[in-house]
Amino acid sequence: MLIRKPADHLPSEITSESVYFNRRQFMAGAAGLLLSAETLAGLAAKKSPLSQLAANDKPNSLKDITSYNNFYEFGTDKSDPAENAHTLRARPWSVLVDGEVAKPRRFSIEELLKFPLEERVYRLRCVEGWSMVIPWVGFPLASLIKQMNPTSRAKYVAFETLQRPSEMPGQRQAVLDWPYREGLRIDEVMHPLAILAVGLYGNALPNQNGAPIRLVVPWKYGFKSIKSIVRIRLQETMPATSWNMANAHEYGFYSNVNPDVDHPRWSQASERRIGEFFKRKTLPFNGYAEQVAGLYRGMDLRKNF
């Protein structure tokens with residue numbers, strides 16, 4: 001059976017246990033592949049440094065998590081990814097890790113699934129002002145990066161999404177400069193909260209949620225957590241990122257969740273948790289300030305937004 005990773009979260013923060021286990025057999029998008037029983041049984045049981053959620057947090061349904069998405073490669077409406085992502089072929093799949101490393105390497109998704117997996121129940125805060133709580137399955141990004149033996153020149157890490165317009169119909173439109181690109185500083189990448197997710201609710205990722213592998217950085221706005229990754233490149237200079245290239249005035253490189261720094265067109269002081277009627281206050285760093293604020297000590301977070 002699935003060994004759920006204990007964390008400082010209340011039972012009300014995720015979908016109820018009965019729903020969770022009844023849903024474990026849903027098929028993961030077009031690939032239709034479940035994480036193996038051996039993989040599930042191997043989920044780590046040790047604690048991780050996760051912050052507590054507020055007592056009034058309410059669960060998100062599996063339906064919400066898999067039907068309310070931003071994934072412009074499949075369309076710009078929230079329902080488009082669930083409707084259109086069946087066209088994505090998530091197998092075979094590989095991720096190239098190159099740049100400032102001892103030896104570049106291409107990993108198959110099967111090789112990546114051999115990393116010790118664990119469940120991480122994280123908040124997700126979208127820059128648009130809505131949020132969810134999601135139980136991801138994945139492994140620390142740092143474990144992959146350490147294996148690559150970065151050089152001393154590796155100051156940043158660039159990520160790239162698959163570009164395949166035949167399977168990603170949104171890429172046929174010039175909504176963004178495809179492929180989708182994101183980036184982090186190397187110390188952000190090495191932080192234990194940053195993970196590469198390969199599943200949710202104990203199953204392989206549905207296509208609309210970023211199959212077969214995506215980044216999850218819970219203290220940043222959701223667009224930083226790039227989906228359907230095909231390349232991870234370590235480099236000396238700050239990488240170009242898609243939304244920053246599209247509108248640098250509205251989307252900064254760091255994009256840490258910050259209720260004191262508004263988007264030019266709306267406030268970031270509060271958020272709407274999907275499934276709730278009333279808004280709630282947004283927490284600095286999405287509630288993970290105790291763990292990550294030290295990464296930005298001495299920085300002007302208004303200037304470096």
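Every residue gets a Cβ built from N, Cα and C, even glycine.
These come from Swiss-Prot:
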BINDING   N69, Y72, E73, C126, T161, N209, R214, S225, I226, K227  Mo-molybdopterin binding site
SIGNAL    1-54  signal peptide
Just jot down the residues in the same chain as I226 (Mo-molybdopterin binding site), at least 6 apart in sequence, with C-beta under 8 A of its C-beta; none if empty. F159, E160, T161, Y180, R181, E182, G210, R214, L215
Local backbone state of E73 (Mo-molybdopterin binding site), from DSSP in three classes: helix
Sorted by position, what residues of the same chain at least six away from E73 (Mo-molybdopterin binding site) have a C-beta under 8 A from it? T161, L162, M168, P169, G170, Q171, W178, Y180, K227, S228
All chains considered, the count of other Cβ atoms within 10 Å of the Cβ of R214 (Mo-molybdopterin binding site) is 23
